Amino acid sequence: MAAAFLNLGGYVFVFFSSFLAIVAPQVRGNVAVFDSYWTQRQSDALKQTIGSYDPHPLNVTNHFNYHVNIAVDASESRNDTRRELTQVRSGRKTHKSSGKCLAYNPIDNCWRCDRNWANNRKKLADCVLGFGRRTTGGKDGPIYVVKDASDNDLINPKPGTLRHAVTRDGPLWIIFARSMIIKLQQELMITSDKTIDGRGARVYIMEGAGLTLQFVNNVIIHNIYVKHIVPGNGGLIRDSEAHIGLRTKSDGDGISLFGATNIWIDHVSMTRCADGMIDAIDGSTAVTISNSHFTDHQEVMLFGARDEHVIDKKMQITVAFNHFGKRLEQRMPRCRYGTIHVVNNDYTHWEMYAIGGNMNPTIISQGNRFIAPPNEEAKQITKREYTPYGEWKSWNWQSEGDYFLNGAYFVQSGKANAWSSKPKTPLPNKFTIRPKPGTMVRKLTMDAGVLGCKLGEAC
């Protein structure tokens, strides 16, 4: 996860790796020294966590499912010819051959069929649903164009590089002048109110360190590849426009959320990270992970890292419209505490289990498709870890509208709808809590992962 840092105060210090090895196990949250800058950021982040928590999660899941129903019903009425239905059945990403844009899920339906998307990029910020629905990223700031794929200066990053962009003060909407491969020398410290928007280019973050969102608020990560991420050795790294810090070795997570709030990760393709693909810990909440594609990894998502971190009871995350693909082993996600809405995802492969956790997380699984592996010992979707039945039988793990294939099965516990107070503003009865069923998932996830957006064309 996130590594450690030390304020330089304008001076340059040299620390040996042996010093870091001694300090690292003793630090709080991997922070070697809390200077006034990071103490303030941590304090602000805790306030954001508490303020971003929704005491009525059922209202959020209702809102989400309502919009899915509206979008699917509208798309079905527009696209009911035999040719178009055949295309959807035949596989993913074949819909453009008809010359029409099909966007069944409401997030994509909000923006993706606009041929003028490149001149209206910030429309994307109006489209997020789920627990991260208030995320706007850099909507209120100017466009920043990344023109240089290098990452050679970690202390004073070169203008025009991604590292320079994400460490600026204030909101920015970050786009890319061309396709590029960015090999991060050390973890990329992203500050608040940023959008990383890879549309119109092929942007690969690969064969280097990953992305870190530590004690930040309001970030969108959209339409990029994150592949072959490795641990960083740590060292002096700029973590904001006015601050440079000393970091210990990073774990090799693809995207690491540490005390991060109002985060939206959308249309990301992720493969082979040294540790987790997406980890959200230590008070991270108000997060939506959507329309993404995951392959070739052991431990995909970790939500909550330690039993003693009870702040993660405030954790609320939506996992929606994703494709969990080939050669994945477990943790899709693995949860400690919190409320996790897992909805309309396609689980086509897992080797051990799909969804697991401990410390009484609430897991609401709705309208997913689960295809179990051939191994008879791995057909159970769920796994409660380090907890006897007498304790976990009261946890609220509910399945509704899921589609089970090849012997897959979900072991439920708790009582239906006991996990939330009644909605403050109930929606029409037709849509209350009712997801689109797992049989619809192929349509809802058919464009999961990075989109090949071209100027003047629908994505």
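Including glycine, each Cβ sits where the backbone N, Cα and C put it.
Keep in mind it's a predicted model, so treat the numbers as computed, not measured.
Residues D275, D279 are recorded by Swiss-Prot as Ca(2+) binders, and the candidate that the same record lists for that site, out of D251, D307, D312, is D251. D279 (Ca(2+) binding site) sits 25 Å from N59 (N-linked glycosylation site), counting Cα to Cα. Reported as a whole number, the C-alpha separation between D251 (Ca(2+) binding site) and R331 (active site) equals 17 Å.
Of the listed binding-site residues D275, D279, the Cβ environment within 10 Å is emptiest of other Cβ atoms at D275.
Reported as a whole number, the C-alpha separation between N59 (N-linked glycosylation site) and R331 (active site) equals 26 Å. A separation of roughly 12 Å, to the nearest angstrom, links the Cα atoms of R331 (active site) and D275 (Ca(2+) binding site).
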